[in-house]
């Protein structure tokens, strides 16, 4: 327990360092720009899982631009909904809305503008399915997670995680006009990855959530139960990630081989946290790696669609066939 007390200040500074060290303009801060790159990475991952990869430059730009604006709008609306809650937590009281650096009216107008431009980009430059899915992601984040589930249940992120899992569907729809098996697989992977990722962060910030009555799992059930839940979802993530071998049109063997060290590190950190659930250092390490893990998965999906990966796949298949004959 001494470790917990000693590392609380360090953890808050390290996990969300930029909020303390780099002050973003108020209008940009409410858009939560640090969340957008990972959402766009999973969008690209969804594209790479289809026969439509690679996309033309205009379609790619419209998809990523529309997705970024839809994500920004969701971030602003989330900040608007939670401005009173943010004002009651030390960690968030300095944010643009509770501190008065940005008016709610200005923020709301900005959110509507981002939503409209995102919809226009996606409808005109991509297709209606991609546009509809982006708006579904926005609504599910603001209404399903933020407004309905977050203040009411410890399983808020399990169900509400659907919002963060929609970008792969957008990517698949942008590439082919339909979702397909690969898009649904990456959607499912992000869904099972999300609880382990978010609960690691919630372990670090549980006293903030406790102070304002948000029923996050670490607050209600404690670190031991949370670490067990993280372990279950961590294993589910590892097992499901392997199905990317089948979901990829080409390069599946390359993906499977390169995936091994990612999964090994994830399980190592999950087990370390399970062995010492009170360690904020362990929770912080898992939280950070979980972000790199999902970025890495998406990068592997893209690399697996390269000519080099396809060639390596053919070489490995030929080698396996020779071994089976011998």
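From the backbone N, Cα and C atoms, a Cβ is placed for every residue, glycine too.
Since we're looking at a predicted model, the values are computed, not measured.
Given the ranges 10-30, 157-177, the record in Swiss-Prot names 157-177 as transmembrane segment. When Swiss-Prot is compared with the stretches 238-258, 259-279, the one noted as transmembrane segment is 238-258.
Among the recorded stretches 35-55, 129-149, 157-177, 185-205, the one sharing the largest number of Cβ pairs closer than 8 Å with the transmembrane segment (289-309) is 35-55. Scored on C-beta pairs under 8 angstroms, the neighbour of the transmembrane segment (35-55) with the top count among 106-126, 157-177, 185-205, 238-258 is 157-177. Outside the transmembrane segment (129-149), and at least 6 residues removed from its termini, the chain residues within Cβ reach (under 8 Å) are 63, 66-67, 70-71, 73-74, 77-78, 81-82, 115, 118-119, 122-123, 155-157, 159-164, 166-167, 169-170, 173-174, 177-179. Non-local neighbours of the transmembrane segment (60-80) in the same chain are 30-33, 35-36, 39-40, 43-44, 47, 54, 86, 95-97, 104, 107-108, 110-112, 114-115, 117-119, 121-122, 124-126, 130-131, 134-135, 137-138, 141-142, 146, 163, 167, 170-171, 174; each lies 6+ residues outside the stretch with a CB under 8 Å from one of its CB atoms.
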